[in-house]
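Here the structure is laid out as structure tokens; the discussion comes afterwards.
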């Protein structure tokens with residue numbers, strides 16, 4: 001029962017992020033609960049410091065509010081010895097709310113540690129962004145997080161090995177966030193027209209899956225544009241081809257396996273503004289339009305190749 005309450009608490013924490021994001025017209029794709037916490041997948045990330053601060057702090061604020069409300073109904077032990085004795089008996093009916101109070105305090109404190117990928121790292125980045133450019137603020141926050149992570153690892157060797165895991169988790173999170181910020185910064189000044197692919201493979205929606213299999217084997221393409229009467233109606237990637245082959249056979253119609261959610265981009269759109277969109281649609285093909293005409297496509301692999309070439313130059 002108590003474990004269920006912890007998961008509900010984590011869910012409410014993530015729901016706090018989602019509701020705050022909705023204030024700025026940012027939707028939430030889904031909320032995933034994991035043994036080590038939860039993840040809210042937002043449709044986009046808030047760019048303005050004030051918005052990021054509100055959205056990020058909303059999660060820990062839920063835990064603080066739950067702890068405050070629970071604390072109103074708790075008769076706290078008078079001494080630290082009584083407090084320790086109360087907790088040593090495990091979770092039971094008499095100390096259920098006390099344990100629930102402590103869990104929310106721990107979740108709030110842990111998430112407010114100023115290090116990526118915790119909320120505290122994003123809060124620190126948002127505060128720094130009031131003074132510095134976002135990518136610089138990200139790098140500063142990442143360095144601070146890595147410094148704290150080294151402290152966790154050192155304490156882990158001295159006291160609790162679990163702190164080593166937290167330290168490594170923070171280091172990896174900080175590196176990913178810093179790399180993400182560098183990539184986005186490198187795209188400044190470039191537009192979709194600078195990276196679009198003018199050559200792409202198309203397949204008619206009425207063709208069998210075996211046609212897509214042959215194209216997959218005979219070409220470098222991994223994602224195909226699906227058309228009907230020469231008009232784009234969907235996309236089909238390698239994973240969808242393999243799944244259709246496994247579940248329906250090679251003679252099944254492509255129309256039944258394709259992704260029908262098309263994403264359109266204008267050639268004049270700045271790459272830095274659609275970086276998250278492209279990154280979150282790794283297995284999809286985006287259609288690039290100019291004056292309502294299809295002039296090319298764009299996928300994550302092409303954008304990463306562009307960043308790689310820029311890095312070499």
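Each Cβ is built from the backbone N, Cα and C atoms, and glycine gets one as well.
Automatic prediction, not curation, is the source of TrEMBL annotations.
Positions annotated as Zn(2+) binding site by TrEMBL: 13, 17, 119. Annotation note: residue 13 (Zn(2+) binding site) sits in a helical segment as assigned by DSSP.
With a cut-off of 8 Å between CB atoms and residues at least 6 apart in sequence, the same chain places 31, 33, 38, 39, 40, 59 near residue 14 (active site), listed in sequence order. Residues or ranges marked as active site in TrEMBL: 14.
TrEMBL lists 53-76 (among others) with the feature transmembrane segment. With a cut-off of 8 Å between Cβ atoms, the residues of this chain six or more beyond the transmembrane segment (53-76) that come close are 9, 12-17, 19-21, 23-24, 26, 42, 46, 83, 97-98, 100-101, 104-105, 107-108, 111-112, 119-120, 122-123, 126-127.
Per TrEMBL, transmembrane segment is recorded for 96-116 (among others).
The annotation transmembrane segment is assigned in TrEMBL to 147-171 (among others). Sequence-distant neighbours of the transmembrane segment (147-171) (same chain, 6+ residues past either end, Cβ-Cβ under 8 Å): 113-118.
As a whole-number mean, the pLDDT of the domain 'CBS' (258-313) in this prediction is 87. What TrEMBL lists as domain 'CBS' is 258-313.
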**Request:** Please give the sequence-distant neighbours of the transmembrane segment (96-116): residues at least 6 beyond its ends with Cβ less than 8 Å from one of its Cβ atoms.
**Result:** 2, 5-6, 9-10, 13, 59-60, 63-64, 66-67, 70-71, 73-74, 76, 86-87, 122-125, 141-142, 144-146, 148-149, 170, 173-174, 176-177
**Request:** Provide the number of Cβ atoms within 10 Å of the Cβ of residue 119 (Zn(2+) binding site), excluding the reference atom itself.
**Result:** 25
**Item:** Remaining residues near the recorded Zn(2+) site, that is with C-beta within 8 Å of the centroid of the site residues 13, 17, 119
**Value:** 14, 16, 38, 40, 56, 58, 59, 60, 62, 111
**Message:** DSSP-wise, what's the residue breakdown of the domain 'CBS' (258-313) into helix, strand and coil?
**Reply:** 23 helix, 17 strand, 16 coil
**Message:** Is it possible to get the count of other C-beta atoms within 10 angstroms of the C-beta of residue 17 (Zn(2+) binding site)?
**Reply:** 26
**Message:** Taking only same-chain residues 6+ apart in sequence, whose CB is under 8 Å from that of residue 13 (Zn(2+) binding site), what do you get?
**Reply:** 38, 59, 60, 62, 63, 107, 111
